[in-house]
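Here the structure comes first, spelled out in structure tokens, and everything after it is commentary.
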């Protein structure tokens, strides 16, 4: 067992696994949710999709849009229906060094991603896409003033003796906004309504690049399922319809770093649904009906999140909403690593420096495993002459050879798996840290120093990948080897080149982590080898 072969093969397996997992996320992000839909409640889940136009007619032309501005959001709201048709994230730029804000929601030629809400039911005013209410507003723009913590944007509509007030409530520093319907029934008859709220987006392929694909599609949460993706492909295959028996859950459209989500107000019997109309996909919630007697009033409300994937803030808005920051199956390791990274950054003030500090902490914590690995391999190397003599003496008798090898290991107190086991135990930490860095919106457009202006983007001059490849080459040269096969030697020599090519396209934050990890490996390797030599365990 030699360290060079083990380290590089494990690293190759790790990168291959991560690339394959990312490809799987993009191509087949979630299995069909049939079983989950059936298990979410013993109650039937009637499909809300049947209430609205199965094939909507011509969408109404907008009478006008109003602009709503806070410190973190700039929204455009269509006065026809009162939908959010545009959302700028004021504190996130569209591109590095750009003054233009990142646009999350928009309704443009060829691309639609909007947040719709309305009232349906027997007396619903939003049942037809071609006959939605035209709301009246007191101004064309609303702005959160200095010293003001809350901004209310009321829109009114009256029909058949019923007064409707749809109000958007936004708060300073928050990406969560409330949508409230206040309905006053003076029609002389009972009126029944239920509120719906969904996100609509063009069906499209997953985002990202070939080397770093990212998920773009639907996701939801119920009492039985904390978090589940429901891709555009899933929506096209089957409309989702889940009854939320306790009313808790949410429906979202997510993409790399950002998300939009509707959260109902914990009303038992809420229906979570998807539907596809042409090239558009909807995912949302439909709250149960309320009957309003004449002369009475009622309120309907839901919360809309539109912004970056900020775990702490999202967790405060709704249970499990923070899980849209998807760390994969090793989330229980990745989440604490991200928290530690953010904690370090709060002191050092630079995400690149925080990554370096975190790498030293992680590798320091794994030092006992690393030391055990090199010690075991040194002991195995000391046994090579005895093992070779044993092979020559026994010949092709594999059973006898195996028995005598085990006796030799027992006599010399050597664990033949000691060199591999520490590497296997380290792999989950490496994978979890990869996802923690990959999913952190905080790294987006965050500079390190010099030529690295964005840790979430690839190195523009490929300096970090080249340094990383050089560090792998040094590790390979410093590691003693027992490989004698010429083909294996060529493969081992070629591995740093192959890894360098892979990392040319990786975000520089990830490459920085791997480079620093290799440097720490070189330091630890040198110290461990010197200590082993003093003990008489030769490493060469």
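Placed from the backbone N, Cα and C atoms, the Cβ positions cover glycine too.
Since this is a predicted model, take the numbers as computed values, not measurements.
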_Of 6-26, 27-47, the range Swiss-Prot labels transmembrane segment_ = 6-26
*To which of the residue ranges 455-475, 518-538 does Swiss-Prot assign the term transmembrane segment?*
455-475
_Annotated transmembrane segment segment (source Swiss-Prot; candidates 321-341, 342-362, 363-383)_ = 342-362
*Swiss-Prot lists transmembrane segment for one of the ranges 391-411, 496-516; which is that range?*
496-516
*Feature transmembrane segment in Swiss-Prot, mapped to one of the ranges 291-311, 417-437*: 417-437
